[in-house]
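Enquirer: Copying in the features that Swiss-Prot gives for the protein in this structure:
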| type | residues | note |
| --- | --- | --- |
| BINDING | Thr8, Lys40, Thr72, Arg86 | substrate binding site |
| BINDING | Thr8, Phe9, His16, Gly87, Leu88, Arg89, Glu97, Tyr122, Ser123, Phe124, Leu125, Ser126, Ser127, Ser128 | ATP binding site |
| SITE | His16 | site 'Transition state stabilizer' |
Amino acid sequence: MKILYPGTFDPLTNGHLDLIERAEKIFGNLVVAVLENTSKTPTFNLERRIIQIKYSLSHLPNIEIISYSGLTVDCANDLKANLILRGLRAMSDFEYELQIAHTNKSLNNDIETIFLSTNTNYSFLSSSLVKEVAKFGGEINHMVPPSVEKDLKEYFK
């Protein structure tokens with residue numbers, strides 16, 4: 001079974017990292033798929049985000065990191081992945097993610113989506129929030145891995 005965990009990861013947060021670590025324990029392997037979303041201007045380009053993720057996940061040998069563009073369901077099809085992993089922080093996430101899961105299922109009936117609730121220590125985190133705190137010089141070391149913290153401080157100085 002191949003499991004896909006897609007996202008923009010702009011930037012990777014400790015919430016993402018925790019979810020990846022927990023999924024690796026449950027499933028034994030995971031493909032982290034970094035989206036190149038051409039309709040948005042990311043803080044970090046695709047190459048930098050992949051480097052941040054590789055560095056932050058170097059202790060997990062069963063994680064594959066790839067990039068993709070377009071529909072997540074197409075990425076899953078290309079990889080022959082039959083399970084998409086998504087994290088849930090709050091009920092509002094569930095409503096949005098359920099809609100996406102149903103859309104993916106309508107595009108490929110063999111695709112299933114599994115939800116993992118976020119660790120309560122990270123339930124408040126989002127990439128947007130982290131960038132906002134970093135932009136104004138707030139402390140982010142408890143929100144992101146060290147390599148991401150360094151990059152954000154450099155970006156916003």
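Backbone N, Cα and C atoms are what each Cβ position is placed from, and that goes for glycine too.
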Enquirer: Just to verify a number: CA distance, Arg86 (substrate binding site) to Ser127 (ATP binding site), in angstrom, no decimals.
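Expert: Just about 15 Å between their Cα atoms.
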Enquirer: When you rank Thr8, Lys40, Thr72 by Cα distance to His16 (ATP binding site), which of the binding-site residues ends up on top as the closest?
Expert: Thr8
Enquirer: Measuring Cα to Cα, how many Å separate Leu88 (ATP binding site) from Lys40 (substrate binding site)?
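Expert: One finds 22 Å between the Cα atoms of these residues.
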Enquirer: Going by C-alpha distance, which of the binding-site residues Thr8, Lys40, Thr72 is nearest to Glu97 (ATP binding site)?
Expert: Thr72
Enquirer: Which state, by DSSP, holds Ser123 (ATP binding site): helix, strand or coil?
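Expert: SS state of Ser123 (ATP binding site) = coil.
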Enquirer: Pop the Cα-Cα gap between Thr8 (substrate binding site) and Leu125 (ATP binding site) into the table, whole Å please.
Expert: 15
Enquirer: Who sits close to Ser123 (ATP binding site): which same-chain residues at least 6 apart have their Cβ under 8 Å from its Cβ?
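Expert: Ser123 (ATP binding site) has long-range Cβ partners Gly15, Arg89, Ala90.
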Enquirer: May I ask you to report the DSSP-based helix, strand or coil state of Arg86 (substrate binding site)?
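Expert: Strand, per DSSP.
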